[in-house]
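Per TrEMBL, these features apply:
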{"type": "TRANSMEM", "residues": "7-25", "note": "transmembrane segment"}
{"type": "TRANSMEM", "residues": "31-50", "note": "transmembrane segment"}
{"type": "TRANSMEM", "residues": "57-75", "note": "transmembrane segment"}
{"type": "TRANSMEM", "residues": "81-100", "note": "transmembrane segment"}
{"type": "TRANSMEM", "residues": "112-130", "note": "transmembrane segment"}
{"type": "TRANSMEM", "residues": "136-156", "note": "transmembrane segment"}
């Protein structure tokens with residue numbers, strides 16, 4: 001099991017590194033691709049909820065319509081995706097910081113710095129909407145590169 005986890009962290013780190021470099025070297029195209037992938041995932045989520053949970057047909061239909069909107073208007077949807085990503089990064093960073101401070105095994109400087117960087121990047125995305133449209137691909141790229149280093153570190157540490 002440990003070998004499997006080690007390999008998963010290493011593969012995840014490599015993938016995050018590639019995604020981070022794509023965002024830094026091809027920012028506009030990467031944002032549009034992220035929006036399209038999000039749209040596809042939301043449509044898939046809506047379709048699954050239609051068939052798995054017949055009582056939530058309205059939620060499934062809304063998800064499908066929202067996903068189609070993301071795919072059909074990717075440039076106009078980028079601001080929504082940026083705001084969601086900023087909120088998600090901030091919440092994830094806060095959660096990781098709480099875990100790093102509460103659990104003795106995780107309380108090392110590396111995890112605390114990583115959590116604080118994620119919070120900082122999420123807050124930058126959330127509270128700089130005009131600047132973030134231009135800079136968000138680079139912030140997301142930086143996030144993925146930092147995550148790649150951390151995942152590789154964890155993978156080799158296990």
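Note that the numbers count up from 1, one per residue, in the order the chain is shown.
Glycine residues also receive a Cβ, built from the backbone N, Cα and C atoms like all the rest.
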Quick check for me: are there 3+ Cβ pairs below 8 Å between the transmembrane segment (7-25) and the transmembrane segment (112-130), leaving out pairs under 6 residues apart?
no
Near the transmembrane segment (81-100), which residues from the same chain, at least 6 beyond its ends, have a CB less than 8 A from one of its CBs?
31, 34-35, 38, 70, 106-108, 111-112, 114-126, 129, 132-133, 136, 140, 143
Which residues of the same chain, at least 6 past either end of the transmembrane segment (112-130), have a Cβ under 8 Å from a Cβ in it?
79, 82-83, 85-94, 96-97, 100-101, 136, 139-140, 142-143, 146, 150
Any residues 6+ beyond the ends of the transmembrane segment (57-75) with a Cβ under 8 Å from its own?
32, 35-36, 38-50, 81
